[in-house]
């Protein structure tokens, strides 16, 4: 396989660098490929799309590594590199090809690196052969790779080298032509000599396996170190085989080593067949060195371009004094090699190299060498074609039934149409697309507005900042204020009969518990946390039991008071103030025990509700133990039901001010609110279930406050004449309508 020749269409080009080793070794000097941004300088030009070029500007030389001389600068390859730059500049000046769009380049010295190595490297990443640019402002990776000088048939394997393209014919075609040449001249005894690389071995193998109609006299491999003993042995075998025709399938350097040894041994009378790697190389174009042995050689060459207008002028423009010379790291070694002089500022290179200083009057136009010779543009033409092929590819008109779907949409095949014809359908909320299908985001993520990326879901809970939270907060504070106002009214009129009736101590305790009921609703608003979840349910359960216990105590007092007026009754002493306080404490203590066990066994805790159908993550308080939650509500319901029953039985007691009626109405409202709460709580989604619970707390609290204390405040403030013992103790006719 010949020297590496790649044009890589990239925005961020793969950085390949050449490191020339000069350490003393027993083997001939080798050039190695290095990857990294600090190995050797790069010749570059900015552009919208960067073409990365690999050119073997230095060849291996057949001298021991103890020699201080560097690798030989290759003028022919340098011309190829300049041709790439010329083609890019020509395209950038073209108003029709890639208008308003510029190509740039990054060029590295691959130093005889094989194309096979690069192709293998790119194949690992499964780089596509043809890429698509949607916009020119994004960062793109390598789109495709084009070789201008690699003819190895092995590179045609797309399974192994999916990213490899070339403007160079495969060796299959060359070998087929060589076979036809052998058959045309009816040669029956043909020798084969190949280089020790994929190019040489592959070509020799294909040639040997073809139906030649002839026999292979010998098959020899030229070692890469060109050891004298091995080269002498190869020439000796050619001589002893008596083969009159020998095919040399090798690189220019390997072929030159073979012919050096053949010339030394005086091997003549052989018809040499040349592969295209050396058929037009300097080994044939340097008379009279190899003329005695190579005269009359035959071979096939790469197609020659007739003319590339403006190329020679572009090649001869180079000069160390030009404005761009400092940006070209390859100009100095080229110039010094051409004119045999040393440029100033070479780090003391004058004495080291033993070359005179360049005068500055040197001119490339006065020199005739392979660099400036444009009469045989073969590989240069391949480079030229490769650049233009890439430019025309970027210039992405397509013949398609349907264009690719934009991000955020998916393909929907049209009925009764081929698979290439499709419509683009917008992804549903919660899904993103990879241009072919929509994929649902993970539960904690949601699609953005364009359905191109998954973003974290918004966290939602009953907050003090949203409208519902502020409304419930206002209602709760208003209820607390109203309760505090009633306390103030009762405190100012504590000596009046209507306040003292039915145990004023129970009235104040009931007002205190109602205040707590209004305030405990605030624990349900705000971001749920460990302490707030435990506090909200336990505070609600205990304060409501305290409130209902007070109402139940007042109901029992009404019944006991009526029984105490009967002749011979001593009921009053069994349910006096001490017994009332003990009764309320006992009822409340039961709820405290239930809440304590609930918190100890399975307490309420924050819970993130993430449904795939919602764009929000809802923060809730999980009850922990459903049994504990039901016991708290059930105990409140039991006390409320008992209170309602007793108040209903005492509703017709003959008093002008019968508090049992008020208690009955308040308990009816209380029970109605909490009976309606259960189905509403179960069916409400997300934070609305919390809002439903707060509404039930506030509704039942307002019902108790209004029914039990509004009539008393009405008499105290607006009907003071009725706030006397005589009026309150007066008997009234039983109410038969209720």
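In case you wondered, yes, glycine gets a Cβ from its N, Cα and C as well.
Automatic prediction, not curation, is the source of TrEMBL annotations.
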Inset, instruction - From the ranges 430-453, 694-717, grab the one TrEMBL calls transmembrane segment. - result: 694-717
Legend entry - Stretch-level contact, the transmembrane segment (538-562) and the transmembrane segment (626-650), CB cutoff 8 A, at least 3 pairs: yes
Legend entry - Among 582-601, 626-650, 694-717, stretch most in contact with the transmembrane segment (506-526) (C-beta, under 8 angstroms): 694-717
Legend entry - Chain residues outside the transmembrane segment (582-601) and at least six past its termini with a C-beta under 8 angstroms from it: 506, 509, 534, 537-538, 541-542, 545-546, 548-550, 552-553, 556, 575, 624-625, 628-629, 631-632, 635-636, 639
Legend entry - Chain residues outside the transmembrane segment (662-682) and at least six past its termini with a C-beta under 8 angstroms from it: 548, 551, 554-555, 558, 633, 636-637, 640-641, 643-644, 647-648, 651, 689, 692-693, 696, 699-700, 703-704, 706-708, 711
Legend entry - Sequence-remote partners of the transmembrane segment (694-717) [C-beta within less than 8 Å, at least six residues beyond its ends]: 462, 472, 475-476, 479, 482-483, 486, 489-490, 493, 496, 498-499, 507, 510-511, 514, 517-518, 520-521, 524-525, 540, 544, 547, 551, 659, 662-663, 665-666, 669-670, 673-674, 676-677, 681, 723
Inset, instruction - Compute the average pLDDT of the predicted model within the domain 'G-protein coupled receptors family 3 profile' (468-732). - result: 84
